[in-house]
Amino acid sequence: MTTVVKHFLRDDDLTPEQQAEVLELAARLKKAPFAERPLEGPRGVGVIFEKNSTRTRFSFEMGIAQLGGHAIVVDGRSTQLGREETLQDTGRVLSRYVDAVVWRTFGQKRLEAMASGADVPIVNALSDEFHPCQVLADLQTLAERKGSLKGLKLTYLGDGANNMAHSLMLGGVTAGVDVTIASPEGFAPLPWVVEAARARAADTGATITLTEDPQAAVVGADALVTDTWTSMGQENDGLDRVGPFRPFQINEALLAKAAADAVVLHCLPAHRGEEITDEVLDGPQSVVWDEAENRLHAQKALLVWLLAQRTGNRP
């Protein structure tokens, strides 16, 4: 039997049906954290951080332990990634040691290069272009609060070219969510990501809307999402990342224009008083803390599902 290696490098690596399977499994694992133990042994998962992390590190390390495994955690400075050998060769070598590799890195092409040589699943724990594990947690959180995801209206406010906006488009429309990206002029999503999202939306019946009007964007929205205006590595890019974004802040006045039962999400860390106010972040419509917890459950489900694709043992 030919071994199937499935990677999760961007949100549309999962079909709508596969994404639904992962989210269903995440809900089950939240209720029964030790129900699946595919890494019993323990078997190893490589966890590589070239960007600093709090939630990603804690949630993956704990999740791997709950699945019976051992996380081998290293930072970019203590490896030779892309320096002494090709990333393809690194993928080949790591595949002989571990059952999966979780990597938080810079450019998406680095992930693609490693995956091209790997015989085990490569998981994007964040890249400059995408943050797909976070969006799985976002979708799990929305499903808990709203039930069916199909037809929900989600509005993201902020830098449309950052990894959260991109992943919300791809992952959102995969789930049948109508996604609106509201961003200042000059900060729209990358065109090739928009094209990919619209291609997936055509399959699911969802919609993608791009706008520079935050007031119109939030009217009737079921969920508002934001992220920091300055992502890691953009601190010295020379762009004004404050003034143009002020109208896109999620505050009580803007939230009042959304649906009465709208929820607010933020991947964290939050810059209080910038992209979101204290009143909203700590308010009754915020689901941010559930969202953060769900990183643990969604990522566990993803690993279980990916490992099952290799073994044929359906979770």
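Each residue, glycine too, has its Cβ placed from N, Cα and C.
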Q: Determine which of R241, R295, R310, R314 appears in Swiss-Prot for the same carbamoyl phosphate site as S53, T54, R55, T56, Q80, R104, H131, P132, C133, Q134, C267, L268.
A: R295
Q: State the Cα to Cα distance, in Å, between R55 (carbamoyl phosphate binding site) and N163 (L-ornithine binding site), rounded to an integer.
A: 16
**Q.** Fewest other Cβ within 10 angstroms of its own Cβ, chosen from the binding-site residues R55, R295
**A.** R55
Q) When the Cα-Cα distance from C267 (carbamoyl phosphate binding site) is computed for each of the binding-site residues N163, D227, S231, which gives the smallest value? A) D227
(Q) In whole Å, how far does the CA atom of N163 (L-ornithine binding site) lie from that of H131 (carbamoyl phosphate binding site)? (A) 5
